[in-house]
Amino acid sequence: MDNSNWWRNYEGILKTFYPLFLGQVVSFGMALMSFTSSLVANLGANTPLSLSFFSYTALALVYGGIMIYRRQKLQVPWYWYALLGLADVQGNFLVNKAYQYSSITSVTILDCWTIAWVIILTWLFLGTRYSPWQFFGAAVCLAGLGLVLLSDAKASGGSGGSKPLLGDVFVIIGTFFFSMSNVGEEFCVKKKDRIEVVSMIGLFGLLVTIIEIPIMERKSLESVKWSPELILAFCGYAVASFMFYTFVPFLLKMSGSTLFNLSLLTSDVWAVVIRTFFYKQKVEWLYFVAFALVVTGLIIYSKTEKDPVSAPAIEEANADDQRYQLLNEDEEQADHRHDATVS
């Protein structure tokens with residue numbers, strides 16, 4: 001009896017702390033992506049699409065190879081994955097582009113716009129219902145992000161970047177594309193195979209970057225002065241993004257968006273630490289207030305999230321119940337007829 005209680009306690013602890021650990025792996029991957037992307041921009045390489053090219057290549061080769069080995073057929077039509085890949089590429093392009101104009105702190109904090117976009121998209125297209133506390137938490141986040149914009153408007157070219165407001169706009173638009181990709185990915189991951197989702201995002205992301213690089217980055221690539229530091233930064237981004245795309249589906253499948261959002265908060269903390277200690281840059285006091293508001297809003301939103309139920313899902317469940325009741329009634333009537341015939 002004692003052994004069984006100990007085992008149940010152990011399983012409970014494991015179920016609690018394993019998602020937390022996995023969330024920190026994802027958060028570390030995101031912070032490392034932010035750091036290496038910012039480093040590439042500081043080294044003079046204006047090549048955000050080429051930066052993503054190696055990431056999508058790694059995903060397509062590894063997870064596409066697994067699908068070929070399995071001889072697995074697609075469970076979702078390819079054109080949906082094409083849309084996800086297109087949205088993901090544009091999101092990566094705009095966010096990585098923002099590092100050329102704004103600071104790493106602004107980019108990582110403004111990344112939280114993804115949550116606001118996700119709320120809007122799921123509410124409009126999926127009929128997801130959110131509590132008033134969740135909307136309040138999102139509003140607090142937006143208030144903090146407004147302070148980031150105010151701080152960047154006052155920033156000089158030194159600590160805030162060359163064009164901080166332009167960088168902020170790039171991030172906000174990029175997070176809209178990310179939200180489209182994330183909503184689609186979460187739906188596919190919970191309904192279909194994780195390997196298929198990651199491999200298809202990698203494949204179509206690779207195809208989109210191959211098409212866009214000659215159009216948008218040919219001159220930039222020709223002017224890049226390659227160095228060991230720059231090559232190492234490219235490799236670091238590819239490794240970090242591969243780790244990020246690998247573990248995010250597992251976290252979404254296990255714990256959903258609540259733990260995912262909470263885990264990503266630590267990436268903002270690491271971004272501030274990187275800016276303060278690695279780049280030796282001064283952090284404006286408004287950033288601390290903005291960060292506190294963003295953290296508070298995300299905690300309110302995450303603590304009050306209860307796996308939002310969409311209206312279509314409720315209607316489908318009610319329809320299933322009705323079909324089940326009709327089926328039972330038909331079976332009962334058939335049994336009565338059978339008994340009457342026998343008697």
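Cβ coordinates are placed from backbone N, Cα and C, and glycine is handled just like the others.
No curator has checked TrEMBL annotations; they are predicted automatically.
So that you can see what the record holds, here are the features copied from TrEMBL:
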- 20-41: transmembrane segment (TRANSMEM)
- 47-66: transmembrane segment (TRANSMEM)
- 78-95: transmembrane segment (TRANSMEM)
- 101-126: transmembrane segment (TRANSMEM)
- 133-153: transmembrane segment (TRANSMEM)
- 165-183: transmembrane segment (TRANSMEM)
- 195-215: transmembrane segment (TRANSMEM)
- 230-252: transmembrane segment (TRANSMEM)
- 259-279: transmembrane segment (TRANSMEM)
- 285-301: transmembrane segment (TRANSMEM)
For the transmembrane segment (230-252), distant same-chain residues with Cβ under 8 A (at least six beyond the ends): 19, 22-23, 25-26, 29-30, 32-33, 35-37, 39-40, 43, 45, 51-52, 54-55, 58-59, 62, 185-186, 189-190, 194, 197-198, 201-202, 224, 259-260, 263
Folded-back contacts onto the transmembrane segment (165-183), same chain, C-beta under 8 angstroms, at least six residues removed: 83-84, 87-88, 90-95, 97-103, 106-107, 110-114, 117-118, 121-122, 126, 148-149, 152-153, 201
Contact check, the transmembrane segment (195-215) vs the transmembrane segment (20-41), 3+ Cβ pairs under 8 Å, seq sep 6+: no
Contact check, the transmembrane segment (101-126) vs the transmembrane segment (47-66), 3+ Cβ pairs under 8 Å, seq sep 6+: no
